[in-house]
Each structure stands twice: as structure tokens, then as C-alpha cells.
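Residues or ranges marked as disulfide bond in Swiss-Prot: C97-C188. As annotated by Swiss-Prot, N-linked glycosylation site applies to N5, with the evidence given as sequence analysis. Swiss-Prot lists 1-25, 79-99, 155-197, 257-270 with the feature topological domain 'Extracellular', giving sequence analysis as the kind of evidence. The topological domain 'Cytoplasmic' annotation in Swiss-Prot covers 47-57, 121-133, 219-235, 292-311. The feature transmembrane segment is assigned by Swiss-Prot to 26-46, 58-78, 100-120, 134-154, 198-218, 236-256, 271-291.
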Amino acid sequence: MGTFNISLGGGFILVGFSDWPALELIFFIHILIFYSITLFGNTAIIALSRTDLRLHTPMYFFLSHLSFLDLCFTTSTVPQLLINLHGQDRTISYGGCVAQVFIFLALGSTESVLLVVMAFDRYAAVCRPLHYTTIMHPVLCQALAIASWVGGFLNSLIQTGLMMAMPLCGHRLNHFFCEMPVFLKLVCEDTGGTEAKMFVARAVIVAVPTMLILGSYAQIARAVLKVKSVTARRKAAGTCGSHLLVVSLFYGSAIYTYLQPKDSYSESKGKFVALFYTIITPMLNPLIYTLRNKDMKGALWKVLGRATVTG
């Protein structure tokens, strides 16, 4: 097979779930429902975090950023998936594919860094409660949020730039969107150890944050065990447990997809794993934080109560 022409006229075919035509309608209905729930849930968290004064804290400031990321993250792939499931045109231009890879990696990398920042916030709240307001100053919170976005986009820029320099053979992507591991399956040859450099970039943005978060929660667990008050323990476990569950969902799927060798990556399995972290996880995050968090539930019931009275 010859080297694929990656000029502006080149393009790709997204196979998606065309291998299971009988399931496409079922996929379409369920994904549309999940996407609608994701939009509502994450938008609600952003709105509550901004309007309720009780939620004007570092924790909810970062949570609103996470919700905005999840909105962008799922919107970068799901609308195209719905179009592909509903219609016959499964093509995407080379420029559109590269843009999708860049945006998806940028948002995912930003979320990876932001989850570390949120773990640091929980560490400061539990392990340094007397100095929490001094440590998590609004200026520092803004700086950490900006650093998360800048770091995520820089990492994506490096990986996407390296990917574009590699020769491709073929134009058929066995996926429902342009994702890095599937893209690498089309690489004809690795010149100059580019794949190794890309793996290092992925490891930096996935493995390093994972280790930092595990270290933070080891310190948090040690501090919680020293607390004598049962109420204080439950409160710490509630706020930290929500974040830890989100972390497990995010990094579990990220490690499976991005840190395994190219030769052992299964495109068929990868599609279903991708459904999990592009649709299911962004949908579950608002539910996890609202159902396990008294402040967020209180703010939500307050808004619903006003709506009932007004109605």
C-alpha cells in the first residue's frame, strides 16, 4: 500500500459502528439521551457554581472548569458520531481529522492536569485546614486553572505536531472519531523514533498526574485516619470520595487507551472504551458530584424550590 497523500484534498473514512448495522439505531438513541443528560448536568453545575454564594470556593471553582471541559470534551466527538450513525457519509477531511485529534487531546490533557489540581485542593483542605484559605488564594486558583489549560494544549500541540510529521498508509480509520491510537495504526514507518517521543508525551500527561494524585490521597487517607470526629471523617470521605471516583474513571480508561503499545491496541475494543470516556464519564461526573455532595444538592434543591414557587 502506498503512502497516503496528506494534502488538503486527502481525507479519511470513519468506520464507526458500521460493522454492526443492526445496532446503529440503538446506539443513536442511547447516545443522544446520554449526550442530552451530559449537557444538562454539566451546564447545571457551572450555573450553580456561579450563582450560589455558598459554592464560591476553590473546590467548586475547579469543578466548574471540569464541567466545562466535559461539555467541550463530549461535544468534540458526539455530534459527528450521531451524524455518522444517522446518515451514510462517514468521511472527514484531513484537516478536520487533525483538528479533532488536537482538540480532543488538548481537552483530555487539560482535564488530566486539572484533576491533579483538584487533588491538591483536597489535600490542602484535609491536611492543612488551618491554612487552607491562605494556600488556596483566589489568585493561585486562577493561576492553577490557567496552567492546566496551557499545559494541556501544549502537550496536545507537541503530540499532534509529531503525528503530522509521520507518513501514513491508508485512509480507513476503524473508529467513530479521529483519535491518536487509531491514527498511529496508519503509520507506514517510524522515522527518527517519533512514536517513542509521542509515548513519552502521553506518559507525562497520564502517568505522572496519576502518581501525583495517588500520593496526595495517601496523605489525605493518613490525615483522615487521625481525625477523631466521625462527622468530620464522613465529610472528608464524601468530598474526596467523589473526586477519587471521577479520577478512577478518567485515568483507568486513559491508561488502557494511551499507554499500551500500538501493536497490542485493539481498534474494536478501543471503540467501546472510547464510548465510555467520551460519553459515559462526562455524563456520570455531574451525578457523582451532586449525589455525594450536600452543598451541591442543597444549591440544586434551592433552585428547584424557587422554580416551584414561581411556577
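Here, residue 1 is simply the first one shown, and the rest follow in order.
Using N, Cα and C of the backbone, Cβ positions are placed for all residues, glycine too.
For C97 (disulfide bond), other Cβ atoms within 10 Å of its Cβ number 22. In the predicted model, the topological domain 'Cytoplasmic' (292-311) shows an average pLDDT of 66.
Counted with DSSP, the topological domain 'Extracellular' (79-99) comes out as 14 helix, 3 strand, 4 coil. In this chain, the transmembrane segment (100-120) lies close to the transmembrane segment (236-256): three or more C-beta pairs between them fall below 8 angstroms, excluding pairs fewer than 6 positions apart. Contact check: the transmembrane segment (271-291) against the transmembrane segment (134-154) gives fewer than three Cβ pairs closer than 8 Å, residues 6 or more apart, which falls short of the contact criterion.
When Cβ-Cβ distances below 8 Å are used as the criterion, the topological domain 'Cytoplasmic' (219-235) is approached by residues 122-123, 126-127 of the same chain, each at least six residues removed from its ends.
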